[in-house]
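Okay, structure first, notes after.
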Amino acid sequence: MENIQERGHLLTEQINPNSQNLDQLSTVELVDLFNTEDAQTLKAIAQARIELAQAIDVTSKALGKGGRLFYVGAGTSGRLGVLDAAECPPTFCTDPDMVQGIIAGGAAALVRSSENLEDRPQDGAEAIAGRKVTEKDVVVGISAGGTTPYVHGALNAAKQRGATTIAMACVPAEQVPIVVDIDIRLLTGPEVLAGSTRLKAGTVTKMALNILSTGVMVKLGKVYGNRMIDVSVTNTKLYDRALRILEELTELSRQEAAELLDRSGKRVKLALLMHWAELDAEVGQLLLDNHHGNLRAALQAGQNS
């Protein structure tokens, strides 16, 4: 019993005075309370904007040089990291190895709670070793309360291997100091249901991960304007989206867009370059490869040649 760490002082564990009578509210009052409290997530993101921007810049540079991005967490934090990583291949046509989610307990913990596994820092360290993390990589440790041993074990192992380390926590640094390269604090206050960090802490973490991964992909040239030009055309919904992107950006008819997409091998970015620079698929792809997949740079080079 004497080895159990007292966490009552942590912001995420404190009692929210606004929800003291949660069990006595009408249903509409309960919904209104959640809505009011969730507004804190927007403020938290705004307060962490500089650190988020730093994380985007550092990570995009690392990935642009062949590095990888790892999210590490347990419970809700781990699931959110895995979710964000899983969305990168279909949205940005990235290799599944480029952005990876690591959760305490592995795949089984995605659907069944394995909270006891978060107390093993050695497991976090072993997960980093198993991925052969190097100085080229970026490791983001996600922990709402900032104290998760599994996450700390992973971050410490990543530092020893020379990787860039980023922390994402929902408690002030003075409550839980974490020695990392970039320290992102997302302070949303005590939860409506005391200690349930799947609520505001989970929501703000998802928002931050959305911004981080999307920002990185923008910097890597996987977006043109606000269109996902590296979308992986793997089902009818995404095929339709690819066609609409081509129609909107080229003013081609839907049939013409479909023919262009087919000639490009269903690669939207290449299709755009082929159309705008009047190139065939082979030359267009070579031009993209020579400009690290950046459409604007490849287009400028193609038009100047």
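Our numbering is plain: 1 for the first residue shown, then up by one each step along the chain.
Cβ atoms are placed via backbone N, Cα and C, with glycine included.
Residues or ranges marked as domain 'SIS' by Swiss-Prot: 59-222.
Around the Cβ of GLU87 (active site, proton donor), a 10 Å sphere holds 16 further Cβ atoms from the protein chains shown. Taken from Swiss-Prot, the feature active site, proton donor covers GLU87.
As annotated by Swiss-Prot, active site applies to GLU118, with the evidence given as sequence analysis. Cβ neighbour count for GLU118 (active site) (all protein chains, 10 Å cutoff from its Cβ): 25.
Across the structure, GLU87 (active site, proton donor) and GLU118 (active site) place their CA atoms 24 angstrom apart.
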